[in-house]
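Here the structure is laid out as structure tokens; the discussion comes afterwards.
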Amino acid sequence: MEEFDYYEILEIERSASGEEIKKAYRKMAMKYHPDRNEGSSEAEEMFKRVNEAYQVLSDEGKRQLYDRYGKQGLESQGYSGFSGRGFEDVFDDLGSIFDSVFGGGFSSSSRKRSGPKYNLDLAMELDLSFKEAIFGCKKEIKIRYKDACPDCKGTGAKEGKIETCPDCGGRGQVFIRQGFMTFAQTCPKCGGSGERIKEKCPKCNGKGHENKEENLEVSIPEGVDTDNRIRVSRKGHVGKNGERGDLYLVVRVEEDEHFMRHGNDIYLHVPLFFSTVPLGTTLKIPSLRGELELKIPPNTKDKEQFVFKNEGVKDVHSAKKGNLIAQVKIVYPAKINDEQRELLEKLSRSFGVEGTPHEKGFEGVFEKIKGWFS
């Protein structure tokens, strides 16, 4: 089998933090997920590798072994990765991994040994515009989900005939003795199910399910943000007993060219020409719900902020709203003509000593420095 590096598979640095590993796993698992790459053997293989890499690198003990000794170090301790295991076994492992990545929101019922060969909960990304996320919307989506094969009743075996796994005796675990220590690991033959398929179901080729599609209209609440999860009850995969999991929509929000969001607060850069600074002014600025009047006092500093209470994003869990923060950005001309130069020089002279603050500020400093070297 072709060797591969776990860090390269997840496209991360070897110094990556646990959070970075989790984020990279989620990205790569979504990229190569079987629901997105139907019939692609290359994506199937990459999906296995991504999960193998995550199982090792997300475990501090396994990661230290791998960093120091490579895969040989893992194998010497009884960790066999996905060697000799089928694709459905890999997919079944996603239950525990999804729990760690998405915060434990996925049902554990779908991972019982008597359940189907796949997690009943379904996750997919949902792209939203800035406006859709701020104000909420109705969204038409198409989902692809698994339904238990009617011929084998979701077992994957011809006529539903299942045998006890001879390697683990139905326990789902095998034991490896190393010196005085005995380690238990998931049976590589049955993937922990304790069962074996002697002859595959011809209709589903042993998968235990068939793929289906469904169009849905989902309600997006006001105030959702990137990485928020929206749960749609009973719209996930369907198990062999008719039980259906939940659909989890992982939100991705497009950035806006003018407004910048941070939590429920909105930031807006307000360009202010330099000649206006000593005078002050009143401006009309855009807000999420229309326009606001911003009074800028004389001698406002660059990056100074003005806060408009309750003009931000409505909190997704309550009626409370964030703030709009208008931040001044002083703008200078890229170039000036002769007439403008003359006017500026005349203006500077009109301030007298005040127009040359550096002269008074450095008074006596030059003589002091000369004294250091005399």
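FYI, residue positions are counted from 1 along the chain as it appears here.
The backbone N, Cα and C atoms fix where each Cβ goes, and this holds for glycine too.
The domain 'J' annotation in Swiss-Prot covers 5-70.
According to Swiss-Prot, the feature zinc finger maps to 136-213.
Taken from Swiss-Prot, the feature repeat 'CXXCXGXG motif' applies to 149-156 (among others). Outside the repeat 'CXXCXGXG motif' (149-156) by six or more residues, the chain places 88, 116-117, 162, 197, 200-204, 206-210, 239-240 with a CB less than 8 A from a CB of the stretch.
Here Swiss-Prot flags Cys149, Cys152, Cys201, Cys204 as Zn(2+) 1 binding site. The secondary structure of Cys204 (Zn(2+) 1 binding site), as reduced to three states from DSSP, is coil rather than helix or strand. Sequence-distant neighbours of Cys204 (Zn(2+) 1 binding site) (same chain, 6+ residues apart, CB-CB distance under 8 A): Cys149, Asp151, Cys152, Gly156, Glu210.
For the repeat 'CXXCXGXG motif' (165-172), DSSP puts the residue distribution at 0 helix, 0 strand, 8 coil. What Swiss-Prot lists as repeat 'CXXCXGXG motif' is 165-172 (among others).
If you look up Swiss-Prot, you'll see Cys165, Cys168, Cys187, Cys190 marked as Zn(2+) 2 binding site. Residue environment of Cys165 (Zn(2+) 2 binding site) contains 21 other Cβ atoms, counted within 10 Å of its Cβ in all protein chains.
Shown for the repeat 'CXXCXGXG motif' (187-194): DSSP residue counts in helix, strand and coil, namely 0 helix, 0 strand, 8 coil. The repeat 'CXXCXGXG motif' annotation in Swiss-Prot covers 187-194 (among others).
Among the features that Swiss-Prot reports, repeat 'CXXCXGXG motif' is placed at 201-208 (among others). Counting residues 6+ beyond its ends, the repeat 'CXXCXGXG motif' (201-208) has Cβ neighbours under 8 Å at 88, 116-118, 148-152, 154-159, 240 in the same chain.
A Cα-Cα distance of 17 Å separates Cys201 (Zn(2+) 1 binding site) from Cys190 (Zn(2+) 2 binding site). Residues Cys165, Cys168, Cys187, Cys190 make up the record's Zn(2+) 2 site, and a Cβ search at 8 Å around their centroid adds Pro166, Asp167, Gly169, Gly170, Arg171, Gly172, Gln173, Val174, Pro188, Lys189, Gly191, Gly192, Ser193, Gly194, Glu195, Arg196 from the same chain.
Counting every protein chain shown, 22 other Cβ atoms lie within 10 Å of the Cβ of Cys201 (Zn(2+) 1 binding site).
Other residues of the same chain near the Zn(2+) 1 site, with their Cβ within 8 Å of the Cβ centroid of Cys149, Cys152, Cys201, Cys204, are Pro150, Asp151, Lys153, Gly154, Thr155, Gly156, Ala157, Lys200, Pro202, Lys203, Asn205, Gly206, Lys207, Gly208, His209, Glu210.
Residue counts for the domain 'J' (5-70) by DSSP state, with H, G and I taken as helix and E and B as strand, are 48 helix, 0 strand, 18 coil. Over the repeat 'CXXCXGXG motif' (165-172), the average per-residue pLDDT in this prediction is 87.
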